[in-house]
Amino acid sequence: MNALSPLALWLQRQWWRSRPSWGAWLLLPLAGLYLLISGWQRWQGRRWAHRQPPLRAPVLVVGNLIVGGAGKTPTTMALVQALRQRGWHPGVVSRGYGREGDDLLEVTPSTPASLSGDEPLLIRLRTGVPLWVGRDRHAAAQALLSAHPEVDLLVADDGLQHTRLQRTACVIVFDGRGAGNGLPLPAGPLRQPLPRQWPTAALPPGEIVYNADHPSTRLLGHCARRQLAGAVALDLWWRGQPADPACLRALAERSQHAPLLACAAIAEPERFFRQLEQAGLFIHRLPLPDHARLDTAPWPMDATDVLITEKDAVKLAPEQHQTGPRLWVVALDFQLPEEAILSLDRMLRHDSTVHHDR
């Protein structure tokens, strides 16, 4: 554990209270400075984007207002699959958080997660659509559109604060924690203020998606349906075999005799652990930092079975784990309400018509 871990834990306790604590109020001067700098950067990005020639395809940005994860990656995959069923030919651009280097790169199924980032590689494997990563999302979008003339829609994963990328509509994702204490960083979890109404000059029209059973902020939105789809052995997952509910039930029965180890290097490991327990599994928890590299197996070699997320599976080559515990990939079934898809489809088609008229 590094020296900042106690401070990080203390900050998170302040962030996710329903009301600001005294500790959060003490950080308000820094929060004001953060708002000033980040707001100026976003304004500069929008100003730069307005001076650029328009991209030939509409752009749907997926992001969140809070720091950390709220379910952007499953939302992005669900959007890509739903919009493809409605006749679009989407491509995805992403920064590729945690990857080595910032250069533009087209992600393929054989790209190592260390070069692409774990989330972009998972999106590429699950959706099969063209995907480019790069710190400059505008340059990544141009490269993708040039390499794939069939693409008529760009989906920007985690691009809400990257205002240099032109955008047509956005999807803002919250989980059950909502906006926490409602304050900006570092006094609270907000990357930018929670708007009183929407759309605004800073946020284009779109939809709010709650990765929760009920809305967790004052903003009107749609609650996604999410449940565990099943489990599959790591080597079979890499061969494209879908998760099997029967396999997950068998693991749950096995866990009645001895708890299984569940490992997650995601933003909210507890969410994964709770879902496993709700599915009837008895587990020992092994939470790791988000995007943690798994070059060295973090679990004891005498463990019999280890349950992992798909986001972590992309970092594990089956041939390197032929000995030791059996690794099981537990997949998530994440579906968006049809009314949210219809609304976004209308916005994007209107903008697509504008693009073709130019």
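Each residue, glycine too, has its Cβ placed from N, Cα and C.
Here's what TrEMBL has on this protein:
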type	residues	note
BINDING	Ile66, Val67, Gly68, Gly69, Ala70, Gly71, Lys72, Thr73	ATP binding site
TRANSMEM	20-37	transmembrane segment
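Within 10 Å of the Cβ of Ile66 (ATP binding site) there are 26 other Cβ atoms, across all protein chains. Residues near Ala70 (ATP binding site) in space but far in sequence (CB under 8 A, at least 6 apart, same chain), listed by position: Asn64, Val173, Phe174, Asp175, Arg177, Asn211, Ala267. Neighbour counts of Cβ atoms within 10 Å were compared across the binding-site residues Gly68, Gly71; the minimum falls on Gly68. Within 8 Å of the centroid defined by the CB atoms of Ile66, Val67, Gly68, Gly69, Ala70, Gly71, Lys72, Thr73, the record's ATP site, lie the Cβ atoms of Asn64, Val173, Asp175, Ala267, Glu268, excluding the listed residues themselves. Proximity of Gly69 (ATP binding site) to non-local residues of its own chain (separation of 6 or more, Cβ distance below 8 Å) is seen for Asp175, Ile266, Ala267, Glu268, Asp290, given in sequence order. In this view, Val67 (ATP binding site) is surrounded by 18 other Cβ atoms within 10 Å of its Cβ, with every protein chain counted.
In the shown protein chains, 25 other C-beta atoms lie within 10 A of the C-beta of Thr73 (ATP binding site).
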